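Have a look at the structure below, then the notes.
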Amino acid sequence: MSGFYHKHFLKLLDFTPAELNSLLQLAAKLKADKKSGKEEAKLTGKNIALIFEKDSTRTRCSFEVAAYDQGARVTYLGPSGSQIGHKESIKDTARVLGRMYDGIQYRGYGQEIVETLAEYAGVPVWNGLTNEFHPTQLLADLLTMQEHLPGKPFNEMTLVYAGDARNNMGNSMLEAAALTGLDLRLVAPQACWPEAALVTECRALAQQNGGNITLTEDVAKGVEGADFIYTDVWVSMGEAKEKWAERIALLRDYQVNSKMMQLTGNPEVKFLHCLPAFHDDQTTLGKKMAEEFGLHGGMEVTDEVFESAASIVFDQAENRMHTIKAVMVATLSK
């Protein structure tokens, strides 16, 4: 794809609004082609390395299925399956894998790791998730939003992110808003707002593209008129229990529930979540949260909202694969 060949995909602000739109158009075409049985394999003979320092269901499956659909072969390197950063430096790993593979996906820790891989690999490197950014998720989110509001351009859409915005999702949403002109509202306690420097940079770009970025602690004001309400988990199994209590106390008022959905004043408002979600007590962590903190029926989102007609989370999950396929096709085929 012209302009993308052999480029890396590390964070959204590495691209222009036009380039982002091109990727979304390609993803929509690839999705339609797959569903109609007309998909053309562009990556036959390509070999792809998938480095996972953090496990994932959606990201791994998306890359693997997308690669297979396009005729490529993959090697999965899990948390215990490589020496990256332990017995071998990131720089050396990049140079080794770059001699064997046509593209490398990295999902793990610091953004500096994926940046180093990109610097030394000599082949396209794709960010499947770092502590700072999650660009492939936002591609899927944007495609899903387009599908559910086909008559509206992004600069006429309002997206609310409720909960903990001081993470890779909050950062990548800022970048997405900067490029698309979304009306993005981060509705969260001030302690959970993203870094001020990134907010300032993205707000200036968003305004140039017809959008706006708002940070507020006021739930009612923040969600008014929203087209989409998005949230993510508050805690993870890797965090100390003391953190759980602190985070839950801080974020309880930002749970996405039927009241918050009604406060939008929009009967057509849709619910988004990057998954996995703790919406019931049917998981190990969900059960612990219910028992220890009384969070029966959901943590960051209630089961009622998650299972409602407003929930489009599984459209999002499917679109991870189509948008990731677009990234690989764009960067590996001329």
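Glycine is no exception: its Cβ is also placed from the backbone N, Cα and C atoms.
According to Swiss-Prot:
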BINDING   S56, T57, R58, T59, Q83, R107, H134, P135, T136, Q137, C274, L275, R320  carbamoyl phosphate binding site
BINDING   N168, D232, S236, M237  L-ornithine binding site
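This view paints the features noted in Swiss-Prot onto the structure.
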| residue | record | DSSP class |
| --- | --- | --- |
| S56 | carbamoyl phosphate binding site | coil |
| H134 | carbamoyl phosphate binding site | coil |
| N168 | L-ornithine binding site | helix |
| D232 | L-ornithine binding site | coil |
| C274 | carbamoyl phosphate binding site | coil |
| R320 | carbamoyl phosphate binding site | helix |
- Message: Please give me the binding-site residues out of S56, R58, T136, C274, R320 that lie within 10 Å of N168 (L-ornithine binding site), comparing Cα atoms only.
- Response: none
- Rounded to a whole number of Å, the separation of the Cα atoms of D232 (L-ornithine binding site) and R320 (carbamoyl phosphate binding site) comes to 16
- Note on the structure: Across S56, T136, N168, S236, listed as binding-site residues, the smallest other-CB tally within 10 A is for S236
- Output, ordered by sequence, the same-chain residues six or more apart from H134 (carbamoyl phosphate binding site) with a CB under 8 Å from its CB, or 'none'. N127, N168, M169, S172, C274
- Query: Around C274 (carbamoyl phosphate binding site), how many other CB atoms lie within 10 A of its CB?
  - Reply: 23
- Taking just the CA atoms, what is the gap between T136 (carbamoyl phosphate binding site) and S236 (L-ornithine binding site) in Å? 21
- Query: Which of D232, R320 (the binding-site residues) has the most other Cβ atoms within 10 Å?
  - Reply: R320
- Query: Once the chains shown are all counted, how many other Cβ atoms turn up within 10 Å of the Cβ of R58 (carbamoyl phosphate binding site)?
  - Reply: 20
- Item | Integer Å distance between the CA atoms belonging to S236 (L-ornithine binding site) and R320 (carbamoyl phosphate binding site) | 21
- Message: What whole-number Å value do you get for the CA-CA distance of R58 (carbamoyl phosphate binding site) and S236 (L-ornithine binding site)?
- Response: 17
- S56 (carbamoyl phosphate binding site) and S236 (L-ornithine binding site), Cα-Cα, nearest whole angstrom: 13
